[in-house]
Amino acid sequence: MNAVTDKSVADYIVADMALAGWGRRELAIAETEMPGLMAIRDEYAASQPLKGARIAGSLHMTIQTGVLIETLVALGAEVRWASCNIFSTQDHAAAAIAATGTPVFAIKGETLEEYWQYTHKIFEWPEGRHANMILDDGGDATLLLHLGARAEQDISVLAKPGSEEERVLFAAIKETLARDPKWYSTRLAQIKGVTEETTTGVHRLYQMSQKGELAFAAINVNDSVTKSKFDNLYGCRESLVDGIKRATDVMVAGKIAVVAGYGDVGKGCAQALAALRAQVWVTEIDPICALQAAMEGFKVVTMEEAAAHADIFVTATGNYHVITRQHMEAMKDQAIVCNIGHFDNEIDVAGLENCQWEEIKPQVDHVIFPDGKRIILLAKGRLVNLGCATGHPSFVMSSSFANQTIAQIELFTRNEAYTTGQVYVLPKHLDEKVARLHLKKLGAKLSTLSKQQADYIGVPVEGPFKPGHYRY
């Protein structure tokens, strides 16, 4: 891998700085499709609410993320950034941001060793300073500091890695501790809080909080309505099929497509495949989600039933081994298998290691079973929309990243209002604010309640309009 790193110019590791001009041109286009972030820049640029914030960012290094980074910087923050997935970086985006002087450590197709090296680097600030905020996607940056600090006290927590990724992570922590036995606890103590982007990372935060292990306050950005009901649903509805088609050129119409999981992500995936006239089958563990799928006209089955019949498989559960080797052995020749959940273990990719692998092109592999049958595995089981395409469109990411920016401001400027070890969601009025910022771009006009109407339903004229338990 021909990474570019030039300490004399800037602190970065990217694939090719010659791509910076291309990245800058795409950033300019993305800004026109990200009204929420641009409005927040305008609102807060003068007051600089993030002045003094040193943000360690671990989130897909895409063009849209570049607009987020430059928004954080415009509001006064200093930022160091790595991608949260080995395949999701857009190299021209990384180069464009590095060219501005913001440290970026991200290359599309980086190794696991490089991934954890780069995640360490977002916590290695110059002049003896340290990060005081984390912006996370999937929880790896948060995990790294907590696990490393535990290992300082008890190295046996690194004794039994459960996967190849854990083996690499544990080795990286041991190597770091050999250089500096207090590396992790020193940095952990400086963190005011984390804002977490995605479902998987949020699950980790709640688990840590319940166990009393979370060392700072957290804001769950994922469960803002203007994130989960937009990014997860409408974003996946457009980016899933983009990834599958770029990877395989498959005709979706008429095929049987299985979507594992019918949460917000699964709903978007099922809608996209159905819109292209696939026969969509859904697997679910939750009777409520299963009933929703059935009443949308989708066939609800088990993976054991579906494996031998379907042409396309998509995992969207956030769970573990949803598709096993046994399932894949039962599949048709040339079945397409992919994942749109955060981690690569929804599909038992490790269980395929002793099969023959044949790369068709980057992030597209034939996995050949002993009987000669082949399946097409996309992005090695990692996020198909980012591994095989460019992820969600800019507009929907503006909504997600507006939430991230507001959450960073909230947690940094009002840190005393948030209890260490607890996980919070943004209040409803901020959720509604994010939605308002995006209406004009779509030509949408809000109606306004009269005082009498507001009194009749018991809400303020200016909102919030729904109680916290409302599900949208």
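Sequential numbering from 1, following the chain as shown.
Cβ atoms are placed via backbone N, Cα and C, with glycine included.
Database features (Swiss-Prot):
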- Thr62, Asp137, Glu197, Lys227, Asp231: substrate binding site (BINDING)
- 198-200, Asn232, 261-266, Glu284, Asn319, 340-342, Asn385: NAD(+) binding site (BINDING)
Residue with minimal Cβ packing [other Cβ atoms within 10 Å] among the binding-site residues Thr62, Thr200: Thr200
Under 8 Å by Cβ from Asp137 (substrate binding site), same chain, sequence gap 6 or more: Ser58, Leu59, His60, Cys84, Glu196, Glu197, Thr198, Gly201, His342
All-chain count of other Cβ atoms within 10 Å of Asp231 (substrate binding site): 27
C-alpha spacing of Thr62 (substrate binding site) relative to Ile340 (NAD(+) binding site), in angstrom: 16
Secondary structure of Thr200 (NAD(+) binding site) (DSSP, helix/strand/coil): helix
For Val265 (NAD(+) binding site), the one of Thr62, Lys227, Asp231 that lies nearest, given that the binding-site residues are compared by Cα: Asp231
Largest inter-residue Cα distance among Thr62, Asp137, Glu197, Lys227, Asp231 [record-listed substrate binders, Å]: 17
Reduced DSSP assignment, His342 (NAD(+) binding site): coil
Rounded inter-Cα distance in Å - Gly263 (NAD(+) binding site), Thr62 (substrate binding site): 25
